[in-house]
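Novice: Before anything else, here's the structure in question.
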Amino acid sequence: MGGKTCPSPVPHLSLDQCAASRRVVIMSRPRADSQGSLGPDDEVVPYSDDETDDELESLEDEGPPGVPNCVLAHWLFLFFPPESGWSVKANDRRFCKLPEFQKKYFLCLKKSKYSGNAIKTYKYNALTFLPLNLFEQFKRAANLYFLALLILQIIPQITTLPWYTTLVPLVLVLGITAIKDLVDDLARHRMDNEINNRKCEADILLLSSSNPNSLCYVETAELDGETNLKFKMGLKETDERLQEESQLAQFDAMIVCEEPNNRLDKFTGTMHWRRDRFPLNLDNMILRGCRVRNTDVCHGLVIFAGADTKIMRNGGKTRFKRTKIDELMNYMVYTIFVMLVLLCAGLAIGNSFWYAEIGSKAWYLYDGLNQSASYRGFLSFWGYIIVLNTMVPISLYVSVEVIRLGQSKFINWDLQMYYREKDTPAKARTTTLNEQLGQIEYIFSDKTGTLTQNIMAFKKCTIAGQTFGEKQHNTNTVDFSWNKYADRKFEYQDHSLVACIRSGKNKEALEFFKLLSLCHTVMVEQNENDELVYQAASPDEGALVTAARNFGFVFLSRTQDTITVSELDQKNTYEMLALLDFNSDRKRMSIILRFPDGRIRLYCKGADTVIYERLSPNSRYKEVTQTALDMIGATAIEDKLQDGVPETIAKLAKADIKIWVLTGDKKETAENIGFSCHLLDDDMQIHYGEDVKYVTFLFPLKTTGICPSVSPQNEILYEKKKKRRRLRLKRLGRRPASSVPQDATQPIDDWEKEMRQVDFVNMACECEAVICCRVTPKQKANVVSLVKKYKDAVTLSIGDGANDVNMIKTADIGVGISGQEGMQAVMSSDYAFAQFRYLERLLLVHGRWSYIRMCKFLRYFFFKNFAFTLVHFWYSFFSGFSAQIAYEDWFITLYNVMYTSLPVLLVGLLDQDVNDKLSQKFPKLYLPGQQGALFNYKNFFISLFHGIFTSLVIFFIPYGAFLQTMGQDGEAPSDYQSLAVVMASSLILTVNLQISLETSYWTFVNCFAVLCSIAIFFGIMFDIHSAGIHVIFPSTFTFTGVASNTLRQPYLWLTIILTVGISLLPVICIEFLSKTIWPSVGDKVQRHRKKYEMEEEEKKKPAPFQRGRASRRSAYAFSHSRGYADLIASGRSIRRRPNVAHPNPRDTLREVPQADNI
């Protein structure tokens, strides 16, 4: 290399790319201008809109008149004393209980504004469960309606049914719902106890540690999704004076800092101690959710605890989620109630006219009450409200809850969603959203840890134009047993590279791995087994250094000025003259070294886009670099996708589900992952956020829309920041300066801002896929909110870290992945599992089945209630509109509870039109759920007219049969009680056979339920019509001997059969015609089910790596994090502290180091 600069680009290369869709928008937040613009800064845009006053920019004016600039700071300090902020006094528990730190929470009661460390997500305790649960249940209109109905039935003047006909179903419904709520809340109690029993879950100011200079390594996976280690440092003053417990006990500092907020990227405060003031920042804080690594002992002071911690503040509010079917069902119940009132009013008017024309003139109908016709009509109205109350289905809600609970259990028990490696089953953490899984239109996904494993692997490299790492068939992985320092987890396929290095003949290969072992900021330690443990600022850099280690170039140690490396078992020490760390502007890092022989050399590695510009014109491999992305070598590092991610995305796309990736990574990194997981391909037309404003001239406005150069989520934060600034100025008695120029990129008013948001959503939704880059947790939630607001679409968010919690809570359905980043996302989710690929089965199988089952259940439920209730309506025309019931009392009480409940519940739990394999093989089967085609007002009115037709048949055919008949004994069984028995028998047979026709998936349980329901009806009917029970309860059971007398007449059995046949014949004909002439996709699949089950899908072969492709993607420098260069250069991590006695480690903040987590 002759002492020249030796750039070595180390980009990420996608190893498995294939086609996915057509057009894509990749959104990236543009930079703010550097001319003092008021626009939000791309680098410092906050994580949320929860800003404190001290986060606002400084005032442009100079303070009050006559106050010199030099004392402005003191004037502000006096105007806003420290006590007005957040103050913490060390070793003084009474300080937080002072009156100035009290706040009202109920009427005149006060409590400390400082939260305790315990969190609370449960709703009830032993004292509040019963009253609160009943209060919540009676907030449902149906339950409140039936309570009012029960009160009406107690009034003798208007009651037409015994009180127990309403009380029994109501108590049953309330009881089952209360038991379900109790079980759910007990689970929340257990989860809260588990979290609250953890040690030291708080935001802590680091005072000292057992490492040099109070250095402390932490893993922040639960905060930002990154598993690489970061370091925190205590102040020099606390490090030197607070090592012993006795010193800590005498620590009496006052901390004055910002109010609790959800800014994960910022902390400002001041420590007042020993008449000195010391500034504090985020580097001094260990936030809740961090995991302490490779540090024996830490000492700290709690600043924020419990709900005040940043991670809890960043979680957003818990939103009550309801499905679209829930909302539609409520509207339909209101519609039924309106219909009920209109029917009752009409029948009451009929009663008034009937009494005036007929009833008042019939002497045998005189009841001794001198009441007017209108008053009798008024009483009749309330009587019919009671008689027709079953039009509003009391058991509907509890039946829905039982079905949802069963569907949730099926998700929990699904072995195909069980991740054996981590013993993690799928978990439905809610029981109210299952059918919504079958209606998803948009999926918002995190990237790191959700689509990827967040594990970097060294896959390929090219050295001097020769590529190594191609997988060779019928060969084992490389054996690194010759290298005592080799990492046993490292796998490599190409044996030729090892042979090339060990031979020592390929100088370029030796130089390549020497660069990888020297040009980095990795820290190294030895574990208890004397194995090397690397601590890298990013997984990328760790993968490169580990690769060099396995190929014989082992990074052993470093000091402030030297780096020691074992090069093929020969130990060499290099003097480090300068180190330029990676940053987002340079996109590379460089190091200047003095070799043992005195030569000075600069090594550089970074993205190919910046390295190639700096190559020497005389470089031997410049032409090669244009195609192989390297001078002396380039590496291909793969952030491994989770298993099945490309296939899952492809299947979901075929189901017409739009997938958006929301990530905090750089644009290039996110784009590469998009190609790897088949969300993007090279045939797509990709538009970037900063260029979207020009897209308007390429496509029609109605399909693309206008997207501003500043993203809508930034505009929201920007507007709130301006409001807070105006509030601050108002508090100081000032007016905002009117001379500040208006930023042209910012919206002028709310209307323009809303139009920009609408255009952004419209344009993005026209694309096949959308990737939003460099977004904060709050902005992820804002994107989801925009789609929900302007598209009225059902959304699902999936993530695995605490930075995804807000997005998970905002979406209609939140899914948490229990992966590398802790359990914060899982705890805030509605559903949880271990791998992204399980999302396909959750939606296309469980979601689709749940939607179909719920829709079928609701359609049938409304039908059977209309068919049952409207018989009273037809009977009224022959009973003088007297509100007399058409059935026996106990039949009305038990109809929805025992006679018709079990078959429809089993359909709601077990029915399936096609099996799970076909559901996944044909994603188009998912479309009816997105369109809401199986349950809407059209289906509701079809069920209504079906019920009207069935009630007409069930009443008028038995009525006609009873008009002029004679029994076998010579008596005419034309009494009211016999008619009620025939109508009830016909109804039970009709509705149970109807659900049999609706059932697509027959099991023994379904067959047993139908037969058992019919048998229970006849058994109970014969019992309550027996003479024995009449003797015991003569006033309650009045149909003595009716069932046995009626059902022994053959022509009445013929009447029942005729009634059932006429009721079902139109349904059978319509079903036959619809499946034959107008079959749905599901009908076609079901018809050819056996054929499809025997077919095998062709396996898709991954596209081979092609040289010279037009799209050259490098992501190394964009995903790489800033390293430990400042720490290394300062020497603070190198110097060792003299051994001092430490307290019992179990009493301190500590976690046992684990090499597997590094």
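Heads up, the Cβ atoms here are built off N, Cα and C, so glycines get one too.
In TrEMBL, annotation is done automatically, which means it is predicted and not curated.
Positions annotated as region 'Disordered' by TrEMBL: 29-64, 1091-1114, 1135-1158. The compositional bias 'Acidic residues' annotation in TrEMBL covers 40-63. Annotation comment: TrEMBL describes 111-167 as domain 'P-type ATPase N-terminal'. Per TrEMBL, the feature transmembrane segment maps to 164-183, 331-355, 375-400, 857-878, 890-910, 940-964, 976-995, 1007-1033, 1053-1074. The ATP binding site annotation in TrEMBL covers ASP446, LYS447, THR448, GLU541, PHE582, LYS605, THR663, GLY664, ASP665, ARG774, LYS780, ASN803, ASP804. Per TrEMBL, the feature Mg(2+) binding site maps to ASP446, THR448, ASP800, ASP804.
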Novice: Residue list, the transmembrane segment (890-910) vs rest of chain: Cβ under 8 Å, 6 or more residues beyond ends.
Specialist: 161, 164-165, 168-169, 172, 390, 393-395, 399, 402-403, 406-407, 853-854, 856-857, 860-861, 864-865, 868, 980, 984, 988, 991-992, 995-996, 998-999, 1001, 1003, 1005-1006, 1009-1010, 1012-1013, 1016-1017, 1020-1021, 1024, 1037
Novice: Using Cβ atoms only, state whether the transmembrane segment (1007-1033) and the transmembrane segment (1053-1074) have three or more pairs under 8 Å that are 6 or more apart in sequence.
Specialist: no
Novice: What same-chain residues lie close to the transmembrane segment (1053-1074): Cβ under 8 Å, and 6 or more beyond its ends?
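Specialist: Distant contacts of the transmembrane segment (1053-1074): 946, 949-950, 953-954, 957-958, 961, 982, 985-986, 989-990, 993-994, 997, 1047.
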Novice: Could you give me three numbers for the domain 'P-type ATPase N-terminal' (111-167), the DSSP helix, strand and coil residue counts?
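Specialist: Output for the domain 'P-type ATPase N-terminal' (111-167) reads 27 helix, 2 strand, 28 coil.
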Novice: Would you mind reading off the Cα separation of PHE582 (ATP binding site) from ASP800 (Mg(2+) binding site), to the nearest angstrom?
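Specialist: Roughly 27 Å, rounded to the nearest whole number.
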Novice: Are there residues at least 6 beyond the ends of the transmembrane segment (375-400) whose Cβ is under 8 Å from a Cβ of it, and what are they?
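Specialist: For the transmembrane segment (375-400), the sequence-distant neighbours (Cβ-Cβ under 8 Å, at least 6 residues beyond its ends) are 140, 142-143, 145-146, 149, 152-153, 155, 157-161, 166, 169-170, 172-173, 176-177, 329, 333, 336-337, 339-341, 343-345, 347-349, 351-352, 355, 854, 857-858, 861-862, 865-866, 868-870, 872-873, 876, 881-883, 885, 892, 895-897, 901, 904-905, 908.
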Novice: Going by a 10 angstroms cut-off between Cβ atoms, which of the binding-site residues ASP446, ASP665, ASP800, ASP804 has the sparsest surroundings?
Specialist: ASP665
Novice: Looking only at C-alpha atoms, tell me how far ASP800 (Mg(2+) binding site) is from ASP446 (ATP binding site), rounded to the nearest Å.
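Specialist: Cα to Cα, ASP800 (Mg(2+) binding site) and ASP446 (ATP binding site) are separated by 8 Å.
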Novice: THR448, THR663: which of these binding-site residues has the highest Cβ count within 10 Å of its own Cβ?
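Specialist: Sorting the candidates by Cβ neighbours within 10 Å, the top entry is THR448.
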Novice: So which residues does the transmembrane segment (940-964) touch in its own chain, when a touch means Cβ under 8 Å and the partner is 6 or more beyond its ends?
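Specialist: Sequence-remote neighbours of the transmembrane segment (940-964) are 332, 335, 859-860, 862-871, 873-875, 878, 886, 973-974, 978-979, 982-983, 986-987, 990, 1051-1052, 1055-1056, 1058-1059, 1062-1063, 1066-1067.
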Novice: Do any residues, 6 or more residues outside the transmembrane segment (331-355), come within under 8 Å Cβ-to-Cβ of it, and if so which ones?
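Specialist: Distant Cβ neighbours of the transmembrane segment (331-355) are 141-142, 145, 373-374, 376-378, 380-381, 384-385, 388-389, 391-393, 396, 862, 873, 876-877, 880-883, 937, 940.
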Novice: Give the sequence-ordered list of residues that share a chain with LYS780 (ATP binding site), lie 6 or more positions from it, and have CB atoms under 8 Å from its CB.
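Specialist: LYS780 (ATP binding site) has long-range Cβ partners PHE444, ASP446, LEU662, CYS772, SER797, ASN803, ASP804, ASN806, MET807.
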